[in-house]
Amino acid sequence: QDAFVAFHVDKVLVSKYLKPLQIGELAPDQPSIEPTKNELLVKDFRELRATVERMGLLEPNQLFFFLLLAHILLLDTAAWLILFYFGTSLLPFVFSLLVLTVSQVQASWLQHDLGHLSVFRKTKWNHLLHKFVMCHLIGASAKWWTLLHSQHHSKPNCFHKDPDIDMHPFLFTLGKKLSVELGIKKKKYMPYNHQHKYFFITLPPLLFPTYFHCHTFYIAYTKKYWADLAWMLTFYIRFFYTYGSLLETKTLNSLIWLHRMLESSWFVWVSQMNHIPMDIDYDKNLDWMSTQVQATCNVEQSLFNDWFTGHLNFQIEHHLFPTMPRHNYWKVAPLVKSLCAKHGLEYQCKPLLTAFTDIVHSLKNSGELWLDAYLHK
């Protein structure tokens, strides 16, 4: 399966775990590809994958990732030094808050690379540094992230299968089909016709400091991720020891909440610009490439966009080749675009601000579709 190949770096190792699961083999006269999948596209994508491997695009440039980690650690240190040298008045506090937020978001992009095993050739080194960055630098569980994010990549924008759209229908109604279906059933958990307005004050600023903050501890505890919990505690010990020596309790709590809210806003706008405006539906059991391309879109390349989004402006390439180091996305993009054109798949690439506004437009359209269906007699 293309999903199996896409996710696993060490194919020989993971194949050993598959042997006990084998239940038989297909008869010679049975097709090896399901009728819902485009056989020619599957063949062409596998040829593209082979080309990518021959070109060495799955090989990481470790200097690139070392510099990323170095600039994160420098920013993290600078945030504390600003308060230490310039005092804790309003202006130094604001500058420290902004620097800390940038450090945390860039650490989020780096942990994403590590979680996808794209930084080191050896899986164990990816896992080890993932715990350092995700647990110690950010304060969340690495295994919790892997559990949720792997499901997202397997079935992006598939209702009931992608945890990233679990906010439908409790907070938002997403996608044309699902919104109409919800309206016909006369279900209303929120005033969805206003969701494009309350989006600004709910999901972006509150996802990290509320839901994610609680959920990461809940999953780590219930699934007994004891190593992750121990690593996570080191973040809070370090944070309260270093900043607690400079700030009063009320100011310290403000620093924690404000930087989490800013970090959350940055993350949500970037992560959702690639998915919410795209097709959201039930699982149609399509081939790997169709599934990924229909659920994702790109944002134009620039040095700022690459840094600001952690190279997730190349979301299509990332979803097709999740273990590919991010510095190689731009190299494979023309090949992916060409294959999409050959098979009539829409390859969307838009300016950054357009991608942001498309989130709001998509929510507004979904809300209007729900309302029309809800009011229809």
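For all residues, glycine too, the Cβ spot is worked out from N, Cα and C.
Unlike curated records, TrEMBL annotations are generated automatically.
Per TrEMBL, the listed range annotated as transmembrane segment is 225-244 (candidates: 85-104, 225-244). Mean pLDDT, taken over the domain 'Fatty acid desaturase' (90-349), works out to 96 on the 0 to 100 scale.
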